[in-house]
Amino acid sequence: MSAPSLPPAWQLYLKDHRISTFKNWPFLEGCACTPERMAAAGFIHCPTENEPDLAQCFFCFKELEGWEPDDDPIEEHKKHSSGCAFLSVKKQFEELTLSEFLKLDKERAKNKIAKETNNKQKEFEETAKKVRCAIEQLAASE
């Protein structure tokens, strides 16, 4: 009988899983922001066509790009998202009690909902602006 697998969101609590996301990461040996150090700081690599070095904290969902070889991932994370609870965890995730883990994951879920809500609000505002412009153009043409 095989061991049960973790839900995808929980797999990101495992550093090795986060490291595995850093395919084609531009900074390897001799750099401060290696995949191992990025993953230790909570980041996953989620590149886009225009942002090949885009990394996102799996916990607070803060996205950072424009990395330089000497950037320290932990310091950058603290500077741009000082309230991220991931940064204050002092134990390995495998050492957390179930209660500690669930309390922590509740914070991650809240962060995810806040990020998704913010994205939807921006999307709505952009659509509303386009519709408003279209209505104004219709009114002006009459």
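Each Cβ is built from the backbone N, Cα and C atoms, and glycine gets one as well.
Summarising the annotation, Swiss-Prot assigns Zn(2+) binding site to Cys57, Cys60, His77, Cys84 and lists similarity to another entry as the type of evidence. Taken from Swiss-Prot, the feature phosphoserine covers Ser20. As annotated by Swiss-Prot, N6-acetyllysine applies to Lys23, Lys90, Lys110, Lys112, Lys115, Lys129, with the evidence given as similarity to another entry. Under the heading phosphothreonine, Swiss-Prot lists Thr34, Thr48, Thr117, citing similarity to another entry as support. The repeat 'BIR' feature in Swiss-Prot is assigned to 18-88. The site 'Interaction with FBXL7' annotation in Swiss-Prot covers Glu126.
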Cα-nearest neighbour of His77 (Zn(2+) binding site) within the listed recorded positions, Thr34, Thr48, Lys112, Glu126, Lys129: Thr34
Cα-to-Cα gap, Cys84 (Zn(2+) binding site) vs the residue listed as 'phosphoserine', nearest whole Å: 22
The one of Ser20, Thr48 whose CB sees the fewest other CB atoms within 10 Å, among these modified residues: Thr48
The residue listed as 'phosphoserine' as reference: those recorded positions from Thr34, Cys57, Lys90, Lys112, Lys129 with C-alpha within 10 Å of it: none
The repeat 'BIR' (18-88), counted residue by residue under DSSP: helix, strand, coil: 20 helix, 8 strand, 43 coil
Residue among the recorded positions Lys23, His77, Lys90, Lys129 whose Cβ has the most other Cβ atoms within 10 Å: His77
Local Cβ density at Lys112 (N6-acetyllysine) - other Cβ atoms counted within 10 Å: 15
Lys23, Cys60, Glu126 filtered to the recorded positions whose C-alpha is within 10 Å of Lys115 (N6-acetyllysine): Cys60
8 Å Cβ shell about Cys57, Cys60, His77, Cys84 centroid, Zn(2+) site members excluded: Ala41, Gly42, Phe59, Phe61, Lys62, His80, Ser81, Phe86, Leu87
Residues satisfying Cβ distance under 8 Å from Cys60 (Zn(2+) binding site), sequence separation of at least 6: Gly42, Ser81, Gly83, Cys84, Ala85, Phe86, Asn111
